[in-house]
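Worksheet for the structure shown next.
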């Protein structure tokens, strides 16, 4: 039995393998051809068979190994028996070799909260925009996001039949972020990435105030943060309620681990303790570099309309 002082790295190592399994499930559901789409609250708020299966897989796999965790998932699923084939009990040996940052070495299992988005970018998943899709597992301690795993099931899917499909990015504050090549957006350019399907006047007003050279409208919070760390966008601007804690927890860690910053529109850090409301009601503002420029451009009219 591994010692309890190493609980964070054991959890990250397990979540890495679980996220890879989740990516396989996402691809299998597409390959089978029946997405099992259910409309939740609106035509843009969808749930698929993949959402349901992946959440069952992640939550059941984690809770078997770490029974004292608090796990909060996007999908509201009825309790029931979980198919044994959905359980992943492996762990990344490479991650286990990494040192646990000293500030987290004494963490207890019951102090951790895990935020799960089984399929981030579900609408895009149903429309075949597969590169927008991610699986998100975020880990929080004392209300702060400290570790995150992002699986991209369809990374490389347009690179030809010989390409390796999918990748898993992971990070821990104080250790770093891994599984991708860090790249900054072109200097002097303001390339904004924002929502594809949930725009409104607040969002467009806020983006206009940034003097953008280009605006990218894509699905998925995880996908947008990946655009920041790979130099495809300079800032992620979403001046609206809509995205939830499970959308931002894992991506925030990856961004923060490489020196970026993610806050609400007012510049407040997001809170991830288990009692917190799920909605990021004051929106999201994030950048890898030059965060202060984007924060300084947010109009007062936008700030006053978004109450934290």
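Cβ from N, Cα, C; glycine included.
Other Cβ atoms within 10 Å of the Cβ of residue 51 (active site, proton acceptor), summed over all protein chains shown, number 27. Residues annotated as active site, proton acceptor in Swiss-Prot: 51 (among others).
Within the same chain, residues at least six positions away from residue 122 (active site, proton acceptor) with a Cβ under 8 Å of its Cβ are 46, 47, 48, 51. Swiss-Prot lists 122 (among others) with the feature active site, proton acceptor.
Cβ environment of residue 74 (Mg(2+) 3 binding site): 51, 55, 116, 117, 118, 244, 246 lie under 8 Å away, each six or more residues apart in the same chain. Taken residue by residue with DSSP, residue 74 (Mg(2+) 3 binding site) is part of neither helix nor strand, so it is coil. According to Swiss-Prot, the feature Mg(2+) 3 binding site maps to 74.
Annotation note: residue 117 (Mg(2+) 1 binding site) sits in a strand segment as assigned by DSSP. Swiss-Prot lists 74, 117, 119 with the feature Mg(2+) 1 binding site, giving experimental evidence as the kind of evidence.
Per Swiss-Prot, the feature Mg(2+) 2 binding site maps to 117, 120, 247; the stated evidence is experimental evidence.
Taken from Swiss-Prot, the feature N-acetylalanine applies to 2, supported by experimental evidence.
Positions annotated as phosphothreonine by Swiss-Prot, on the basis of similarity to another entry: 122.
Taken from Swiss-Prot, the feature phosphoserine applies to 240, supported by similarity to another entry. Residues within less than 8 Å, Cβ to Cβ, of residue 240 (phosphoserine) and separated from it by at least 6 positions along the same chain comprise 195, 198, 199, 200, 202, 203, 283, 306. A coil conformation is recorded for residue 240 (phosphoserine) in the three-state DSSP classification, outside any helix or strand.
All protein chains considered, the CB of residue 244 (N6-succinyllysine) has 18 other CB atoms within 10 Å. The N6-succinyllysine annotation in Swiss-Prot covers 244.
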For the binding-site residues 117, 120, 247, the one whose C-beta sees the most other C-beta atoms within 10 angstroms: 117
Additional residues surrounding Mg(2+) 2, by Cβ distance to the 117, 120, 247 centre under 8 Å: 74, 119, 121, 134, 136, 220, 221, 222, 243, 244, 246, 248, 250
Non-site residues, in chain order, whose CB comes within 8 A of the mean position of the CB atoms of 74, 117, 119 at Mg(2+) 1: 51, 54, 55, 73, 75, 116, 118, 120, 122, 135, 136, 246, 247
Distant-in-sequence Cβ neighbours of residue 119 (Mg(2+) 1 binding site), under 8 Å, six or more positions away: 26, 48, 50, 51, 54, 125, 133, 135
